[in-house]
Amino acid sequence: MFGHNFNERGDRMARDPLTREWAEKMDQTDELSSFRQEFYIQEGTIYLNGNSLGLLSKRAEASLHAQLESWQRYGIGGWTQGKRPWFFLAESLRGGLAPLVGAKEHEVIVTGSTTVNIHQLLATFYRPQGKRTKIVTDVLTFPSDIYALQSQLRLFGLDPETHLIQVQSRDGRLLDEEEIVRQLTDEVALVLLPTVLYGSGQRLDIERVTKAAHERGIMIGWDACHSIGAMPHEFHRWGVDFAVWCSYKYLNSGPGSVGGLFVHEKHLPALPGLAGWFGSDKERQFDMEHTFIPAGDAGAFQIGTPHILSMAPIAGSLELFAEAGIDRIRAKSLRLTGYLMALVDGWLAGMGFEIANPREDERRGGHVALVHPDAVRICKALKEEEVIPDFRAPDMIRLAPTALYTSFVEVWEAVNRLKRIMTDKTYEQFLNERGVVA
Ligand SMILES: *Cc1c(COP(=O)(O)O)cnc(C)c1O
């Protein structure tokens, strides 16, 4: 069921996924288990929030320290000296990043944040013309993406009320690709969608929707915040026009770490909509001329001086992804979330939980989304039990076991504690109100 058979010595306990022995067996045969030692894990705490903020690894810490040492030792010389000179830092990360999104190296760059990169790529690629003026997105997308799209429409004097089409969801949790395609009319100029929905964890059929957009002459971009580092992508092969992502979720590069973007080579070289001197051809940048000569690759979409200290941890973190391999990471992630769902089905039936994410492997991302009317209080009780979940208003508990540092025993233990909270009703001691950050 989870890709393993236990035949030796016929241990009956280890054959039943609901037993701790089964989870222990899974950890023993897990080929990625050694990566856990690379992370700072609080003793006794089960961290299931890697989809919002990944944990610190020793590699990321080391690559950050190396940049502090460069600053300490070289001062301004750090731009060209040291192990990873700052002037080329963003470009130096392409080798580790491109395989995670299925891109050629010159199609990606580490820069900005997801929201800034959406603005940059809309400013570059959104060209309303004739009756093709509308933008399609969906009702379940992350608010910042919506705000960016609304403001981009306003810059053209267009009313978001009439020009931003948000594909509806039948149940408020999932999207239907069929319905997305139906909205791709000849009035649509551009589509922006999430690869994986941040709420329900649904993975959209990126290849299919991209193809449908192109057949209708529509440009399409993807927000990969909830999929990068959790699963492979084939942005180049699928012909995706552009994509954006952050590096603080599954990429474990720290709070506010620098995001990234992909622009398909068919659009390169390009003149960025929002130009700045760090988008220059690097050979010419320090000529200090007033004629902007953009880099010939995705580096052109950089704007100002890179946030070196917020970019530094990405170098160390990407080493771990190269060593583990994104296909193995995805395979383990699916086993972990599959196991979590099996435990929820086995132990929490009749307690008011619903699994909101799709069950099929190819339709789900890296987290499990549980819906419960008392979700706020249950999350508070889980934290009291040293299980770190992620609450999303009004009633969703997101649990993200991550392939690089979560063990099967932790998944077992987390659901075991959740079961205890429900049977003992300890969650009733907490108020049903959410905090400021949640
Ligand atoms: C996390 C996330 C963001 C955050 O954007 P920032 O600019 O990094 O604050 C945006 N969109 C989606 C879909 C996200 O998951």
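Glycine is no exception: its Cβ is also placed from the backbone N, Cα and C atoms.
Noted in TrEMBL for the protein shown:
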BINDING   THR114, THR115, PHE142, PRO143, SER144, ASP145, ASP223, HIS226, TYR248, TRP277, THR305  pyridoxal 5'-phosphate binding site
MOD_RES   LYS249  N6-(pyridoxal phosphate)lysine
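Shown here: features listed in TrEMBL, placed on the structure.
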residue	record	contacts (Cβ under 8 Å, 6+ apart)
THR114	pyridoxal 5'-phosphate binding site	SER144, ASP145, ASP223, CYS225, VAL244, TRP245, CYS246, GLY259
PHE142	pyridoxal 5'-phosphate binding site	PRO194, TYR198, ASP223, CYS225
TYR248	pyridoxal 5'-phosphate binding site	LEU53, GLY54, GLY254, PRO255, GLY256, SER257
LYS249	N6-(pyridoxal phosphate)lysine	GLY50, ASN51, SER52, LEU53, GLY54, CYS225, HIS226, ILE228, GLY229
THR305	pyridoxal 5'-phosphate binding site	PHE278
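In the structure as shown, the Cβ atom of SER144 (pyridoxal 5'-phosphate binding site) sits within 10 Å of 14 other Cβ atoms. Under the three-state DSSP scheme, ASP223 (pyridoxal 5'-phosphate binding site) falls in the strand class.
Only SER144, in sequence order, out of the binding-site residues SER144, TYR248, THR305 have a CB under 6 Å from ligand 1.
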